[in-house]
Amino acid sequence: MLINYLMLLFAAMIIRSFADSGNAIETTSPEITNATTDIPAIRLCGPEGDGYCLHGDCIHARDIDGMYCRCSHGYTGIRCQHVVLVDYQRSEKPNTTTSYIPSPGIMLVLVGIIIITCCLLSVYRFTRRTKLPIQDMVVP
């Protein structure tokens, strides 16, 4: 801990001697006088891009030269020329009221298993109660 205090004291002495000697570094920066205008990263093409994109908007990107298409929903491709085919059965949300109701066949099987199990248990208990005690067999 004493070493940390000595290092801190030594660093403060070096900084003070450097500042007193007149060798201080000027850290102020000159003011910027010319104003810069922000160019949006993506902008619409304008009249030169009319008809370029078949199903979407023609755009210019700031970093890339050329025209590009931002496709409307349901279209894809370089010029939005391809239709995206959607499988409607997979895209629909499941009907929550019917998706959690078990089918009648499954219910019948479960009820049948429960009834058979109850019958077997009752037969087992009945035969266990009425069983005659085993008599010791004596051999003459």
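The backbone N, Cα and C atoms fix where each Cβ goes, and this holds for glycine too.
Note that the coordinates shown come from a computational prediction; the quantities given were computed from them, not determined experimentally.
Taken from Swiss-Prot, the feature disulfide bond covers C45-C58, C53-C69, C71-C80, and the record attributes it to sequence analysis. According to Swiss-Prot, the domain 'EGF-like' annotation covers 41-81. Per Swiss-Prot, the feature N-linked glycosylation site maps to N34, N95. Per Swiss-Prot, the feature signal peptide maps to 1-18; the stated evidence is sequence analysis. According to Swiss-Prot, the feature topological domain 'Extracellular' maps to 19-100, an assignment based on sequence analysis. What Swiss-Prot lists as topological domain 'Cytoplasmic' is 122-140, and the listing cites sequence analysis. Marked as transmembrane segment by Swiss-Prot on the basis of sequence analysis: 101-121.
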Report, as numbers and ranges, which residues of the same chain sit near the domain 'EGF-like' (41-81): CB under 8 Å and 6 or more residues beyond its ends.
-> none
Local backbone state of C58 (disulfide bond), from DSSP in three classes = strand
Cα within 10 Å of C80 (disulfide bond): which of the disulfide-bonded residues C45, C53, C69 qualify?
-> C53, C69
Averaged pLDDT score, the domain 'EGF-like' (41-81) | 86
CB contacts under 8 angstroms to C69 (disulfide bond), restricted to the same chain and 6+ apart in sequence, sorted by sequence, are Y52, C53, G56, D57, C58, I59, G77, I78, R79, C80
How many neighbouring Cβ atoms, not counting its own, are there within 10 Å of the Cβ of C45 (disulfide bond)?
-> 16
How big is the Cα-to-Cα gap, in Å, between C45 (disulfide bond) and C71 (disulfide bond)?
-> 14
